[in-house]
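Just below is one structure, and these are the notes that go with it.
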Amino acid sequence: MASTFNPRECKLSKQEGQNYGFFLRIEKDTDGHLIRVIEEGSPAEKAGLLDGDRVLRINGVFVDKEEHAQVVELVRKSGNSVTLLVLDGDSYEKAVKNQVDLKELDQSQREAALNDKKPGPGMNGAVEPCAQPRLCYLVKEGNSFGFSLKTIQGKKGVYLTDIMPQGVAMKAGVLADDHLIEVNGENVENASHEEVVEKVTKSGSRIMFLLVDKETARCHSEQKTQFKRETASLKLLPHQPRVVVIKKGSNGYGFYLRAGPEQKGQIIKDIEPGSPAEAAGLKNNDLVVAVNGKSVEALDHDGVVEMIRKGGDQTTLLVLDKEAESIYSLARFSPLLYCQSQELPNGSVKEGPAPIPAPLEATGSEPTEDAEGHKPKLCRLLKEDDSYGFHLNAIRGQPGSFVKEVQQGGPADKAGLENEDVIIEVNGENVQEEPYDRVVERIKSSGKHVTLLVCGKMAYSYFQAKKIPIVSSMAEPLVAGPDEKGETSAESEHDAHPAKDRTLSTASHSSSNSEDTEM
């Protein structure tokens, strides 16, 4: 019976700040999690999703019997790409009526499909590069990490399976059928199942995995390339190194540097209240890894002090707090790899040049050195009365556009836009060098909603002075808010929250008859 049904694997990818272009619903008297309202030209349409499809798996995890809120959360936490296994509506209803085990429905077909797939050519016929391996840090809850280990006949290595929905492994970014490359920094590609189980058991309450998903593993196999651990994605780790830029005050930087008796390297101590070090976000017990882009892990105390002095009136430190240091030590990864990864917007921590004026209206004061102030914002605007509630301005002869005349209580105000905000991206496309008319056209052609990456004037001047590219990953992620496609635009309890809490990446609507979420 199961062989008569043909589930489809749909892979969706989107840009930062955009949505997938579909609604995920549950409906009264209807089984399953339904795909609805697929937007024309959206990632959902391009991936082959159809109206009425039922979602069986998300990133390999079976979700048909899960609560709708958990299914929505799985999609949201997938970031900018997600793989859905779906079954068309008619087939789903027949399968349910005939009591077909939906969990087993796709197994043989998925394996056959995977074996048949070949890597597609990229631009100009070039082979697409393989994705990165990734580090996942798991801290046990109760007595479980929320996964099982398996071997596959005819394949080398150990794989992760039975990923528990909302369990430790899933929250850490583990996917079903991930190939296990390292356990706590030790390669296990040639280890037996029993040896890997022993290493996991001996890890105690926390463990670090270097993993490769099945698509990436197949890509490397077909291209006959090997994994490079130094290229691993670090973005899933809960604690990261920090880049701290400090400008010397009249009394110096305002901290002491000491050799830690139990900690390798030099650590920050006795930060003075109100000092430049405190304002820049430096913390007591931070471990110094690099100074002005150069590693100091092998230097003694005097060597690190000299490196800081050479910075003159400003220095840039790469530091780790105790949690981040513990995680990177467990993985046996150098924190300097963080600077080389795509997750760090500026890519390096070299000493910045002298401040230069921003292309837009120059400010009369130095940019603040408060690290928390140096963040762009992602703002998702839902049009009301055919207006977004702000004006777009530019200075003749200069690149860039900025926000003016934000209407109080309007869509722009609700989304967190402020006067003088500089427009960096429109729907994921960088527009800093685009002419004013082109930026206006992009916003107008967005339809009912638009996602803007913006930066306040002071923060913009800071990034320009440091030659730091402004990208969406630097901003706080968009959070769920009121329904963008609901039947009414009346204010809800969300409207009492601060502006940044109202910015939207997804929208939801619920009633006694249905519950749906725009993805």
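Using the three backbone atoms N, Cα and C, a Cβ is placed for every residue, glycine included.
Source: prediction; values computed, not measured.
According to Swiss-Prot, the listed position annotated as phosphoserine out of Ser81, Ser144, Ser250 is Ser250. Annotated by Swiss-Prot as region 'Disordered', the relevant range among 348-374, 375-401 is 348-374.
Per Swiss-Prot, the annotated phosphoserine among residues Ser221, Ser511 corresponds to Ser511. Ser492 is the residue among Ser13, Ser492, Ser505 that Swiss-Prot describes as phosphoserine. Geometry remark: Thr451 (phosphothreonine) versus Ser334 (phosphoserine), CA distance 36 Å. For Ser334 (phosphoserine), the same-chain residues 6+ apart in sequence whose C-beta sits under 8 angstroms from its C-beta are Glu297, Tyr328. For the recorded site, Ser148 (phosphoserine), the DSSP three-state label reads strand.
Separating the Cα atoms of Ser148 (phosphoserine) and Ser192 (phosphoserine) is a whole-number distance of 15 Å. All protein chains considered, the CB of Ser192 (phosphoserine) has 11 other CB atoms within 10 Å.
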